[in-house]
Amino acid sequence: MSWGTELWDQFDNLEKHTQWGIDFVEKYTKFVKERTEIELNYARQIRNLSKKYQPKKKEEDENKYTWCRAFHSTLNELNDYAGQHEVIAENMTSQIITELTRYAQELKTERKSHFHDGRKAQQQIEASWKQLESCKRKFERDCKEADRAQQYFEKLDADINVTKADVEKARQQAQMRHQMASDSKNEYSSYLQKFNQEQNEHYYTIIPNTFQKIQAMEEKRIERMGESLKTFAEVDRQILPIIGKCLDGITQAAESIEPKNDSSQVIESYKSGFEPPGDVEFEDYGQAMKRTVSETSLTNSRSDNKADRSSKGKSKTLWPFNKKSKGSNPEDFSHLPPEQRRKKLQAKIDDFNKDIQKEMDQRDALTKMKEVYIKNPQMGDPNSVDPRLAEIAQNIEKLQVEAQKFEGWLAEVEGRMPVKSDPPRRTSVLYETQNSTPPTTNNNNCAQDRESPDGSYTEEPSSEVQSKVQPETAESGDEFDDADEEMLPTIGTCKALYPFDGVNEGTISVTEGELLYVIEEDKGDGWTRVRRNEEEEGYVPTSYVEVFLDSNAKDVFSWRRVFLSEDS
């Protein structure tokens with residue numbers, strides 16, 4: 001079907017239709033542009049999400065666990081996934097938006113040219129038609145004038161009163177009008193033939209050719225639209241394999257999770273290195289002795305009270321309920337339990353050794369370079385390497401000094417860590433006071449590490465450690481004396497005045513108005529030990545709770561305060 005033959009009289013409608021086609025191309029280009037903006041925004045949001053949940057430096061320990069590494073791998077794959085959506089936006093911009101924008105401009109220019117030619121041909125045929133009408137009207141007018149002149153001549157010729165001269169004049173005028181009418185007829189006939197030829201050429205040659213070009217332009221536009229739609233789908237299809245690899249990577253990361261390995265890593269991360277306390281020895285009450293009560297009871301002996309007052313607020317032998325230091329950690333990691341301290345020191349030594357090896361490799365490379373310069377002076381000055389060699393030597397010396405310092409701390413920790421042998425015995429202060437000589441301070445007693453409720457770490461030996469008979473008991477048995485004893489009895493209740501998060505180890509979270517059991521009163525360090533149920537207990541700030549001690553507990557504490565004041 002040809003537009004030139006079928007739509008020869010639809011010039012205006014074709015002009016509107018082709019303009020609508022160009023508008024549609026621009027509309028589709030705008031649609032693709034908005035799609036690319038969505039892809040870029042989505043990719044940006046995915047990247048921000050991945051960046052937001054990337055581990056911080058303080059969370060580097062998460063890499064120990066397979067489930068954390070799997071999540072980090074997921075974040076990395078998600079970042080690559082976002083990159084593929086950026087590729088979609090980039091390809092759509094270059095392959096569709098840019099091309100269609102350029103093509104729309106070319107289409108406008110081509111359409112303007114075709115319709116200009118069609119409009120010019122239309123104007124020419126209209127001008128020919130007007131000329132034909134003019135010739136036709138002139139022929140008609142001349143014929144009418146010739147008829148009137150002939151009638152006037154005949155009238156004068158029949159009138160006997162008219163002179164012969166007037167008759168002759170009228171005859172000549174009639175002949176002239178007839179000649180003019182004949183000339184107009186010939187002119188009209190000639191132009192009519194010319195117009196018919198032009199009209200035939202216009203409707204069967206010029207207009208069909210012009211419309212055929214417009215039809216080809218329109219069909220090309222439609223074909224280009226189809227190609228763009230196909231490209232729209234192919235751009236998405238091209239990145240599907242890579243997105244599939246990203247999803248496969250997430251699946252592989254999930255399958256790499258090893259629960260057994262992670263649970264073993266928990267042991268490696270938190271193992272303290274202490275040995276559990278041994279059996280409690282028999283206390284012979286048949287011998288004469290002075291009644292004393294251990295620290296975990298509500299009274300204490302005079303000697304223990306003195307030691308307790310001297311170390312009060314500084315240390316606490318409760319490893320299972322310790323709290324992390326709120327200040328900066330010491331360089332020698334002395335705030336950590338022995339096993340964890342040993343691992344940290346060993347890791348630090350390994351880092352120093354790696355740095356030393358790196359510096360030594362650089363030194364060897366520069367030494368070889370200097371030897372080459374010495375053999376081939378034209379390649380460089382050997383003395384130019386000396387400053388760098390001296391700098392590397394200083395760096396190696398500094399690193400070796402640091403490594404030796406940490407190795408010394410490591411040797412100290414390994415020398416003090418308990419050796420697993422027979423289970424240590426748990427002996428009470430009462431029995432030891434009665435059956436042993438008065439304790440003296442000795443720096444070689446393998447003082448155990450202690451941590452107070454405020455997080456400070458100390459190696460100060462207490463009176464309990466000094467009164468032990470066996471070193472191994474002092475090393476590990478008494479360390480867990482408070483932690484491994486039977487569940488402490490309640491000495492009262494308390495009501496939380498304020499909410500407390502309890503984020504530190506050994507603390508417990510409470511809500512405002514919550515009622516709890518008191519199992520250990522504040523000993524001057526600002527913390528009260530409370531219990532919610534058989535499985536939940538810990539420390540809360542004394543200022544956050546209102547304590548209601550039982551009457552018996554009040555009497556015992558009152559007696560203890562009097563006892564301590566007399567002793568002091």
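Any Cβ shown, glycine's included, is placed from N, Cα and C.
Just so you know, TrEMBL annotations never went through curation; they're auto-generated.
Feature annotation from TrEMBL assigns domain 'F-BAR' to 1-262.
Under the heading region 'Disordered', TrEMBL lists 257-282 (among others).
TrEMBL lists 294-341 (among others) with the feature region 'Disordered'.
What TrEMBL records for 335-412 is domain 'REM-1'. Look at the domain 'REM-1' (335-412): DSSP puts its residues at 72 helix, 0 strand, 6 coil.
Residues or ranges marked as coiled coil in TrEMBL: 342-369. Taken together, the residues of the coiled coil (342-369) have an average pLDDT of 89.
According to TrEMBL, the feature region 'Disordered' maps to 417-482 (among others).
Feature annotation from TrEMBL assigns compositional bias 'Low complexity' to 433-445.
Per TrEMBL, the feature compositional bias 'Polar residues' maps to 459-470.
According to TrEMBL, the feature domain 'SH3' maps to 489-550.
Look at the region 'Disordered' (257-282): DSSP puts its residues at 12 helix, 1 strand, 13 coil. Helix first, then strand, then coil: DSSP counts for the domain 'SH3' (489-550) stand at 3 helix, 29 strand, 30 coil.
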